[in-house]
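What TrEMBL lists as domain 'Inhibitor I9' is 55-133. Sequence annotations record features per position, and here TrEMBL assigns domain 'Peptidase S8/S53' to 158-590. The active site, charge relay system annotation in TrEMBL covers Asp167, His237, Ser552. If you look up TrEMBL, you'll see 659-755 marked as domain 'Subtilisin-like protease fibronectin type-III'.
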Amino acid sequence: RQFAYHPCVHNSKISRDMWRLSRQSLFLTFLLHFLLQPPWSLHALKQSEPLRKLYIVYLGERKHDDADLITDSHHEMLASVLGSKEEALESIVYSYRYRFSGFAARLTKAQASKIRGLPDVVSVRENQIHRMHTSRSWDFLGMDYRQPNGLLAKAKYGDDIIIGVIDSGITPESPSFADDGYGPPPSKWKGICQVGPSFEAKSCNRKLIGARWYIDDDTLSSMSKSEILSPRDVEGHGTHTASIAGGNIVQNASILGLAAGTVRGGAPHARVAMYKACWSGGGCSAAGQLKAMDDAVHDGVDILSLSIGGPLEDSGTLHVVAKGIPLVYSAGNDGPIAQTVENSSPWLLTVAAATMDRSFPVVITLGNNDKFVAQSFVLLGTASQFSEIQLYENDDCNADNIDSTVKGKIVFCFLAKFDPEPDYYNITKATGGQGGTGVILPQFYTDSLLGDVPLTLPIPLVPVDYEVAYRIYQYIKENDGTPKVKISLTRTTIGTEVSAPKVAVFSSRGPSPVYPGVLKPDIAAPGVSILAASPKTAVYERVSYHFDSGTSMSCPHVSGIIAVLKSLHPEWSPAALKSAIMTTALTYDNNGMPIQANGRVPKIADPFDYGAGFVNPNMAADPGLIYDINPSDYLKFFNCMGGLGSGDNCTTVKGSLADLNLPSIAIPNLRTFQVATRTVTNVGQVNAVYKAFVQAPAGVEMVVEPPVLVFCKERRVQSFRVTFKATRKVQGDYRFGSLAWHDGGSHWVRIPIAVRIVIEEIYSKIS
């Protein structure tokens with residue numbers, strides 16, 4: 001048989017799971033048979049039948065506790081439209097039955113429309129394909145695993161917390177997922193180890209306690225030929241993110257000698273469960289992703305980490321949070337453009353990416369002995385000798401123009417215009433292919449370049465800023481002889497000489513186009529040049545750990561921190577954990593300067609860059625006050641039916657979101673004045689007095705009532721009002737401020753504020 005079951009699965013459930021998994025196997029057999037039909041057969045089928053696509057039918061809250069009855073009701077609903085139960089069984093791909101009700105099925109447009117009109121149907125939408133968006137990072141965050149009285153030790157290193165990861169699969173042989181020293185999985189665990197090619201039952205262990213995989217025709221038709229129909233990771237994304245969140249402590253890790261140190265996850269003793277819903281080349285099916293969430297809730301995970309994004313909010317996520325499971329999502333990699341942040345539902349924890357205090361400097365020395373420092377990965381070659389420079393200017397700087405004249409030389413590109421940026425990868429590849437020894441070219445930023453790509457190139461690629469590029473160009477033009485240059489080997493530098501953190505240029509920015517009244521992203525964490533576990537594929541055959549950058553890397557950092565906090569405070573709700581993370585965040589870098597945001601024009605970061613700031617796990621463990629939210633409170637502010645609103649998203653607002661008890665305030669349309677109400681719960685010293693400290697947005701008067709909160713044993717929960725009054729009648733952009741409650745000691749409970757004064761109801765900033 002193709003599937004095996006985890007020994008912790010209750011025997012009474014095995015027959016049901018076998019039936020369900022057998023149906024998935026039958027579906028795969030049918031689908032593969034369909035795809036292998038000769039072209040004439042497919043053509044005839046297309047002509048005789050209307051086009052069927054995968055649709056997600058969302059039904060909201062469950063009406064039965066018995067999951068099998070829920071699945072039966074899905075079959076009956078489909079049969080009422082398709083004409084028979086046999087057709088319903090052939091059409092259905094996933095049944096969502098554990099925390100909410102719904103299903104994914106292959107339907108024609110007319111059938112989907114008919115289902116949309118049935119009673120109890122909340123929404124029907126076509127399936128979407130989402131995108132998949134560390135040796136130093138945890139030390140930079142202050143989470144030293146060697147401190148006997150440190151945060152990790154107090155939290156028992158996240159022992160027995162179960163981190164669920166929805167991603168591209170996992171590499172079970174990685175040392176990050178070895179189970180030496182672990183006991184049996186927690187008794188609440190009900191998951192399975194779903195096997196397949198290159199993934200046996202023994203691939204799961206006491207560390208990697210479960211694995212599942214999800215495939216449908218939307219991903220199968222476009223995925224890479226190298227993919228494997230099992231939880232095995234071919235793409236590498238899932239192995240990397242899972243090891244960042246909950247990987248073991250692995251010493252003496254590096255990539256070809258760079259970034260040497262101890263690699264570990266945020267909660268190194270946590271258990272990991274992988275839900276493979278993302279496929280190399282095929283992306284992440286929203287239908288499969290939703291089924292993975294449904295299974296994860298049933299299996300017993302404590303946290304779900306999703307480094308995935310798309311244009312629409314994921315249906316069903318509120319049900320997961322209502323079950324007490326924090327959902328941590330990446331913010332997206334479309335920065336520094338405004339309004340690109342994804343995954344902005346207010347019950348999610350949305351993570352931006354930032355740098356850390358590590359750099360990889362190289363020294364460029366010109367023939368006249370002028371020296372410049374850049375960042376790159378130069379591990380071999382001509383570091384001690386000068387090479388002749390071959391200049392390419394403007395449009396001549398492209399791979400097609402690189403010829404044999406570059407042999408033994410270093411190519412330098414000079415661009416008089418900044419757009420479009422040069423195709424650095426193909427230029428470097430072509431130069432190496434023609435015998436060149438290196439490439440220097442201008443680039444606005446290096447955040448996304450300092451990953452694996454430069455290490456796959458045949459020769460060094462060194463990006464420089466435009467000032468350095470001009471100086472090199474000037475040297476070439478003014479040199480009467482042969483212009484020469486040499487590039488040093490890379491060294492690894494850490495510490496305060498590297499100002500950090502800085503918001504990464506690629507990190508998606510707010511405000512949210514879906515929820516203008518919700519400040520997003522929520523928090524920033526390390527996401528640039530993160531060293532974590534590699535897949536077992538030909539591309540990574542020389543390395544067990546590799547670099548990657550993206551909000552995909554910052555997301556599991558916060559997931560690991562949440563695991564540690566949940567171990568310390570098991571009674572805290574997802575909203576309380578999110579509040580602790582946000583209200584203790586840093587807005588200053590390691591040199592005491594305001595955090596910057598990288599971009600074509602670097603600037604001081606604001607809440608649309610990093611939310612509340614840069615995550616500070618040690619302070620988050622003791623936040624003083626928390627802004628808590630009961631999941632039912634969300635339904636007071638949205639026209640939601642069981643967690644989803646009219647249309648496709650829970651985005652139709654009943655009233656002002658200013659009163660939703662978030663640890664932030666966003667007012668996108670302040671005309672004259674507006675009042676926001678918040679409630680805080682004391683989780684620190686029983687008897688405490690907190691005073692309000694206000695930093696009002698420019699052009700706005702801000703008053704807090706009462707300005708002092710007095711807590712005692714009988715009064716742990718208190719509310720306050722914040723009044724915003726426009727002092728200038730102008731159609732403005734967003735302005736930023738903050739409100740902090742201070743107890744006179746170590747607690748500064750700070751929330752970010754974003755306000756836009758408007759005159760016209762709908763005002764586009766595009767002219």
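Including glycine, each Cβ sits where the backbone N, Cα and C put it.
Here the CA atom of His237 (active site, charge relay system) lies 7 Å from the CA atom of Asp167 (active site, charge relay system). Taking CA atoms as the reference points, His237 (active site, charge relay system) and Ser552 (active site, charge relay system) are 8 Å apart. Each residue in the domain 'Inhibitor I9' (55-133) gets a DSSP state, and the totals come to 31 helix, 26 strand, 22 coil. The most densely surrounded of the active-site residues His237, Ser552 is Ser552 (count of other Cβ atoms within 10 A of its Cβ). In the predicted model, the domain 'Subtilisin-like protease fibronectin type-III' (659-755) has a mean pLDDT of 95. Its own atom aside, the Cβ of Asp167 (active site, charge relay system) has 29 Cβ atoms within 10 angstroms in the protein chains shown.
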